[in-house]
């Protein structure tokens, strides 16, 4: 029943029929105990935890048995919990932690066990925190453990991962463990965050690293994150255009300190049209329009309204562009009344012209037209003095 992972941890797995694909229902029934076979077949019987004592490990590794134990642990007596615990810990804990079904039973022990049981269970994991964090099911148990163990034991987990933290950050499983540590462990114990310095651009442009960096800004104090934020500002324009970095920039706009948000918006000045036409940076433009203060927003929208030195109107370019049109729509929804009036006056004739001369009336132009109609109707309903004539044509369905 046991093999070894690449990391040298004993690994529990179900006995499967040879030559068949592994799936949840393809367990080798010939290798199941008669009790588990009866449990799977006899749904009418009212089963209790005491009915499966001596078979807890086998049931934990079975889809139906695991679900049964999980449900029972939520309301189990102290004696029943101890009975389950004693069969699993310490000899079978590591195997079940890495098992597709067994990991859920271990998580329930962390949720509903006594503090002593949680400590003993976590002790069995110590020395294996790195490989468990990199394993698909083990990483879930490590995260759950972090939520329920005492601070000193949290610190022990951190020490094991400290030399390998960047590896974990960039791992599909390990990054979730690092995020959980940042969320739950006292910042004084998170020395590994210092290793992010000098790597901010690399982390921001990584599919997992960008998430970890956001958790740092979200949960850690200013003195810890300021060096990271200052480093981030050096690459802001490039990050706006990155498929992952743009999320970090949006996070700064939405949840960052006012001075950091202002720095990001300042970088957008003079770049609104170019950035609005970019697949990823257009998201940043929209977020900036929403989060900016009134005066900053006016400056950004003025940049959209004013023709370029060559006479080309940014509005025309944005209406035709598959990404910039969304930024234009956002500007229309958040603009102050006077700027909104100017936008409407400039957009309306362009819609008429584009509909008349364009054989491909794209969906985003329809969206702009419908938004324009709603904006005009809302302005009329609010009893404002401005008079907006209706559009010459109804939206195309």
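Using N, Cα and C of the backbone, Cβ positions are placed for all residues, glycine too.
Just so you know, TrEMBL annotations are computer predictions that nobody has curated.
Taken from TrEMBL, the feature domain 'PUM-HD' applies to 31-373. According to TrEMBL, the repeat 'Pumilio' annotation covers 51-86, 87-123, 124-159, 195-230, 231-266, 267-302, 303-345.
Non-local neighbours of the repeat 'Pumilio' (303-345) in the same chain are 269-270, 272-273, 276-279, 282, 285-286, 289-290, 294, 297, 351, 354, 362, 364-365, 367-368, 371-372, 375-376, 379, 384, 386, 388; each lies 6+ residues outside the stretch with a CB under 8 Å from one of its CB atoms. Taken through DSSP, the repeat 'Pumilio' (267-302) splits into 27 helix, 0 strand, 9 coil.
Taking Cβ pairs closer than 8 Å, the repeat 'Pumilio' (267-302) reaches residues 236-237, 240-243, 245-246, 249-250, 253-254, 261, 308, 314, 317-318, 321, 323-324, 326-328, 330-331, 334-336, 339, 343 in its own chain, all 6 or more past its ends. Sequence-distant neighbours of the repeat 'Pumilio' (195-230) (same chain, 6+ residues past either end, Cβ-Cβ under 8 Å): 165-166, 169-172, 175, 178-179, 182-183, 187, 238-239, 242, 244-245, 247-248, 251-252, 255-257, 260. Each residue in the repeat 'Pumilio' (124-159) has a pLDDT score, and their mean in this model is 98. Helix, strand and coil residue tallies for the repeat 'Pumilio' (195-230), in that order: 27 helix, 0 strand, 9 coil [DSSP].
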